[in-house]
Amino acid sequence: MSDPPQTDSPSAPKKDWLNRSKAWFDRKTDRVKNALKIGAPTTRTPSRAAFAASTTDIVLGQSASNQQDTLLRPSPTHLRPVQSFQDLTAYDATHESNVQIVPAPELDPVFDDPDATPAPADVSEIQSPGEAPSDGSGLQTATKPDSASPPLDSEETIPGLIDDPSPSPSGVKNVLKRSWDFTQTLLMKLPDVVDENPVKVALGLVKLVSEIKEAVGDNMDKTDQHIASAIGQLAILKDEQVAKWRSDGPEVPRLDEFTRTLEGELGKLRRLKSEHVLEKIASHEDEKSAIAAIFERINEGRIQFELYTNLRVFKAAVEVERAVMRSLPSELQPSHMADHRYYIEGKERETLRREACTPGTRTGTLDRIVNWAKSLSSEQTFWLFGPAGTGKTTVAYTIARFFEATGEADGAITLGGNFLCSRQFDDTRSVKRIIRTLAYQLARKCEGFANALNQLKNFDAVHHGVEAQIRDFLVTPWKEHLRASGGNVSEHYLFLIDAVDELEDNGGPVFLRGLIEAVNASHLPGIKFFVTSRSNPDIVALVDSFERKQLIRLQDVEEEEVRMDIGTYLDANLPDFRGSLEMVQIKDYADTLFICAATIVRALTLGDLEVEDQKRILQKFISAKLKNATNFLDGLYEGILSEAFGSLDEEIFSEKLCILHTFLCTAERTSMSVVSHLLASQEGSTSFTPKAVDRVLIRLHAVLYLDDRNIVLSYHKSFTDYLFDKGRSGRFACDQSYRHRLLAQQCFSVMKTGLKFNIANIPSSFLLDSENSNLDHAIEQSISPGLSYTSRSWFKHLSVTPCAPSDPFLPTLADFLQLPVLFWIETMNLLGCRGQCDPDLKHASTWVGSLAEAASFALYFSGSPASASTPHLYLSTLSTWTQEHTFPHTWRHHFPKIPQFRTLGSESSSALMQISIPKTGDGLAMSADGTQIVCGFQDNSVRIYDSSTGDEVKVLHGHTDVVLSVAISSDMDHIVSGSRDHSIRIWEASTGKELMALRGHTEMILSVAISADKTWIVSGSADTSVRIWSMVTGEQLKVLNGHTYAVLSVAITLDMTRIVSGSSDRSIQIWDVSTGEELKILEGHQAAVWSVAVSADGVHIVSGSKDKSVRVWNAATGQQLKILEGHTDSVCSVAIFPDRLHIASASDDQTVCIWDLSTGNILKVLKGHTSWVHSVAISGDGMRIASGSGDNTVWVWNVPGLKELGTQEEGHTSHAIGSPSAPDGMSIVSGLYDTFTSALGPDALASKKMEAFEARKRAIYLVAVSHDGRHIISCGEDTSIRIWDASTGKQLKVLEGHSDIVMSVATCTDGTRIVSGSQDGSVRVWDGLTGQGLRVLQGHTDKVNSVAMSVDAACIVSGSADKSIRIWDGSTGEELRILQGHKARVWAVAISANKTRIVSGSDDKSVRIWDVSTGDELMVLDHHTGCVFSLAISADMTHIVSGVTDHSIRIWDGITGEELRVLKGHTGDVNSVAISVDRKHIISGSDDKSIRVWDLGIGKEVSVLEGHIAQVFSVAIFPNGKHIVSGSVDGSVRVWAINPAPETSNKADWKLHGGWVLSEDGDNRLMFVPPHLGLSSPNLVRVFPPPEYPPPTVDFEQAALGPDWHKCYDSKCPPFTHSPPM
């Protein structure tokens, strides 16, 4: 290889360009590989086809000579050509002339990052010696080189050439027989290489050269080798994507250029041949070199083509990078205001006041921080502590600016991200914004990190807690970035977080705890953290636990150094005082507190003050002689206040101070107008105008300011600390308790005049609030900021005010309770704060007990769908309120034109809210304050619900199997869960983060409990052990062995000395916590002990058992004190009220009972659940009970005063409506609607009480109608079959014989035979006339889920969980045939009317059609996406209908098996379907508790029938086609008219849908009735068995609805009436 040219040669500029190009390409290749993960295909890597179709030219820069853009053009091949610079350019270092540059006008630059190596930009006109100018095509062509070119360094192996026109090997050998050399042969065979596609021409040349080389062997001189190598380079064009290019694609112009180059150069070769100079060429090197030059130019054209298409791939990669960066702001939602670069202007400038250290100040501190950051061997974290006013933020801001400006240049470390916390703005005080802001800023600077962040796509973590964000936004992507870069830490970044003590809700410790854990565990090489904070004890303790750190305490910095810095600062900011006596005084006064100096500067420079005025103000500041830092600050604030108020007389001084104190004591920082509104509400007050309030703010401009929302804030927390400390602030001090009492009174004064009915003038009750487009504007216009504040904040002020027995504030609350509280609930709903009503009123009931009634009513509204339409507070909630409470019934008298809802005996009258849950729950706990409910679920999740609204707050994922038990710590900070996956998990309640997984049990965890001090956990497991765990470390502390079967329940005494456990071995055991010793075994239960609880005083243990009893034990002696009997099934859960006098129990009998612990009497039975009740929990105040059930609901129940409940006369079977309150306002006096049981004596009452248990209704699994329509047959959970008179509802017969649930029943045409199938595995045949059992058909090996009978009773078909279908002889009971084919349980079978076909449906998601006579499987209908629970066949077999667990109904052609239609509308599993005789309708019943009627022909939903309060398991149609019968888990059989008729019990022009009563056309919402109250659609005809009480009814005759809804209120009734103190 020849020596490289000298720098002064003509090729030197091009050599320089090549060197710079190589550097640029190496850098960009690395970036693209990182972005696209070259060599590691993933689903995110675009295909080559995608690149070829989408990429465009890349501009590298501009030529220095003509300012024209320089363009590189790559190829669409796989990125192999860009693995190295040599591959990309096919460049031989000795032949710079081979490289060609193409100018391309009017293209945008691609790489805009400032740190990128600049692309070569000065070469568009460079030509090699002897090069010809461009021919106008955009390609440069070279003239004959000065000397022959040596061969390239290497030749490419060419695997598998494509089929092109080229000479055959034999033809080549024939030519060579003439002793021609390589070049002669090539020229001779050249005409054979012909094709319209230039790529194929090029590849034809490659193939030809390969064959010639094989033939000539070593008979090639250097020129021959050079020509062969040049042609060999064309092989790189072989790519399958070339054939896929579109005719209009961006590659076409480049392909055309290559075509022109090939045609021109090959034309020259053909002319050489045609001139008959072949022999001359073979013998003259000059002519041979000319041929070589031609092929060099062909290859140069290939290079241009290659460069273009390859760099288009680069462009696509960079566009991917850009798309990632564009998406990050929306994904991460960073805080821009927290960035030190955020431009502060206007009022924000007065708020944040971010300033760098004055030059020459803080040099020692800054140097130490900078040196730490730059040192690669120093600690990973640096903490800067200091008290208020010591300049921490100024230091942090200076450091941020320094590393932002010098990081790249210095090369040691770059500012990766920064977050300057400030309590002044939402964006800067939220702990959840820190990490996502830092991650966003780092991604802007580190491409590898940005790529990793985007590929991981954990952006949902923006809604998670700090620890989750640190993991998903920082630790994991950073580690992935390091892994992708081979673990080489070449980049170093600094994260700066300032003033973490300013984070809201004590977020500083939360953030630091997560950061410490991440750094200690992951180390995060290449990242350092600089954090500043006040010396908050919690924060200091956390920092002390950090393994490696540096630390500066500003209070420890030499005082003289600080004084010098402050002096420099003051000289710079108060130039008029420089060198003066006043400056000496200022410096002496500020001493070592930067906040003092800054406040003085602000006080003297804000406003247009003359120097003399400044001196006068200054003298007031420095008049006191103070001794320490706090006193210096106090003196400063005293001076400011004295300057503002000192010259005022006492009365005016008190008024101004009142304004200041109100600014500081409002429940939330608020505006001047709100403060004025509050203060002006005081009777006779005229001194608190907005102007007067504004003047106070102006006077105190040095310490208070307005933010951009006109909210009044203080510059520094030290000012409020000063005023709240009377010892420090003296006559300026704020008495918080007194001020909050005044504010509470002012809140009620504002609400008294501001609250009113229909405050937002809502135009119609038919609309949901979300459908009212003008509502937001109406709320803004009608609810002033003052009224909004007082409505949301009155309780916050009241809660910090002590209550005296004869407090003068009591009448105010009594007035509020009369009617304004109802208007307040309305206002709060409009403000989006409905969930605040119940807790505020409930806690305020410590002042006035009757506020608890209003709280219950508020919860009844806030947890109801009625709250979606504010008018329905009155039209629905007030109308349907059935609780035995005084005030809501009193309120009703003011609303004579609301719908009249009547019910005489709702079994769930104490239910305030029903929360629908997605899956069956197995564990339930309620927080101590009653605000949250936690449930464990069969979908492996733990969910948190707001107990005031029913809204799902969080879903906790981590368990891998069913969650069986949950517990909440007393401070509500942590949740513990136990699962079938053998693990216990600890969660952070506020964030939902999983903190720990505890493993050690070898079987499922059935119960967990948390100690009162939150330091340890107890668990009980199916492995028979009880275990104690450290809640701090997760360490297993003790294993308590003693039980012989599964431990079902555990509890801990409040003093944490004993553990109580209940087991399947029927025993209760008491353990010593400190030793693990078994202290006592309590025996007495006759079956498994499902639940145990301990009273708060540790005196009593209560247990619930499968033996149906609740038992009370003496905890000290183990003596059994009482057996409480009444439940009719297993007692699954027990709890003791906080008063230690009452017990709640939950049972499989679907009830919750409240018991008097001392007497064992039942005080109340809570009914409403439609399946087993597995859990019960009690709020800390004993006012609410939550119960979880297998019916997929959690209910929240109201518990009235338990003392009154225990002593009132028993026997109410209805609700006291309109009863007056007792004189003390706290008890409830029995009132109206009492006549139903008034004649019953004591014995009858006791009997009635027991009947409440015995009458627990058993689920109905199937209903059928006799062919003459006279009888209804039902079967179900009670193991019997019942026959009813369809016209009267009278029960005619009960068929008994099965030993388990009867799943299915069918009858023949004449009704003489009935067949049933049961979970006992048998099929039974009965005499339909006498009810006598005729025969039992045995054969199935599992539950029989479905039976069918031919119309003549000759054939019986059964389907079973054993996956088989069996055909039986109806006369003899002989098993005729077993049909097998289903792969899972068979749920439904049907037989055609002509007895030729059987249809079956299964868990295997298929419907199968069988031949009755042969048993052959004829057809499989398998388009279902869920299990097939039910089937129906039309009489003529033309239609098959299937009901599916995917909530759909499918209609099939019974002849062809074609799916005709899918009907959707149900929101739960479809359990039953039926087809009317006339084939007009399909009827369906579902888990969503509804029955739906469909038009079979068009698939349209005709009507929805509601009234069942549990899942509908079965439907059937009467032969007349006009009536439907349904059976439900609620235990009732109901008859409905398809179209309402005079015979229906509720004659009305409305319908029911999801609890909403709608107008007949379905367009208008008339009212909402909670489904558990039992209102049925007006189509209801009859209920079997007849209910104990008449069903609820609703009357709209006098109701004012829709546009007239506001007329429902009688405004003549005065809203406020004074009552005596309560």
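Heads up, the Cβ atoms here are built off N, Cα and C, so glycines get one too.
Annotated compositional bias 'Polar residues' per TrEMBL: 1-10, 137-146, in sequence order. TrEMBL lists 1-22, 105-172 with the feature region 'Disordered'. Marked as compositional bias 'Basic and acidic residues' by TrEMBL: 13-22. The annotation domain 'Nephrocystin 3-like N-terminal' is assigned in TrEMBL to 369-534. According to TrEMBL, the repeat 'WD' annotation covers 956-997, 998-1039, 1040-1081, 1124-1165, 1166-1207, 1253-1294, 1295-1336, 1337-1378, 1379-1420, 1421-1462, 1463-1504, 1505-1546 (among others).
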Same-chain Cβ contacts of the repeat 'WD' (956-997) under 8 Å, 6 or more residues past its ends? 464-468, 922-929, 931-932, 934-938, 940-944, 1003-1010, 1012, 1014, 1017, 1019, 1021, 1029, 1031, 1034
Residues of the same chain, at least six outside the repeat 'WD' (998-1039), with any C-beta under 8 angstroms of its C-beta? 961, 964-971, 973-974, 976-986, 1045-1052, 1054-1056, 1059, 1061, 1063, 1069, 1071, 1073, 1076
Any chance the repeat 'WD' (1124-1165) and the repeat 'WD' (1253-1294) have 3 or more Cβ pairs under 8 A, given the pairs are 6 or more apart in sequence? yes
Positions whose Cβ lies under 8 angstroms from the repeat 'WD' (1253-1294), at least six residues beyond its ends: 1126-1129, 1149-1151, 1165, 1170, 1300-1311, 1314, 1316, 1318, 1326, 1331, 1351, 1472, 1510, 1513-1520, 1523, 1525-1533, 1535, 1582-1586, 1588
Let me spell it out: take the repeat 'WD' (1379-1420), skip the flanking residues so only those 6+ beyond its ends count, and list any with a Cβ under 8 Å from a Cβ in it. 1342, 1345-1352, 1354-1355, 1357-1361, 1363-1367, 1426-1433, 1435-1437, 1440, 1442, 1444, 1452, 1454, 1457
Any residues 6+ beyond the ends of the repeat 'WD' (1463-1504) with a Cβ under 8 Å from its own? 1262, 1426, 1429-1436, 1438-1439, 1441-1445, 1447-1451, 1510-1517, 1519, 1521, 1524, 1526, 1528, 1536, 1538-1539, 1551-1553, 1571, 1577, 1579
Apart from its near flanks, which chain residues at least 6 from the ends of the repeat 'WD' (1337-1378) lie with a Cβ under 8 angstroms of it? 1267, 1300, 1303-1310, 1312-1313, 1315-1325, 1384-1391, 1393, 1395, 1398, 1400, 1402, 1410, 1412, 1415
Using Cβ atoms and a strict cutoff of less than 8 Å, what residues sit near the repeat 'WD' (1040-1081) while being 6 or more residues removed from its termini? 1003, 1006-1013, 1018-1028, 1087-1094, 1096-1098, 1101, 1103, 1105, 1113, 1115, 1118
Any idea what the model's mean pLDDT is for the repeat 'WD' (956-997)? 92
For a three-state summary based on DSSP, what are the helix, strand and coil counts in the repeat 'WD' (998-1039)? 0 helix, 24 strand, 18 coil
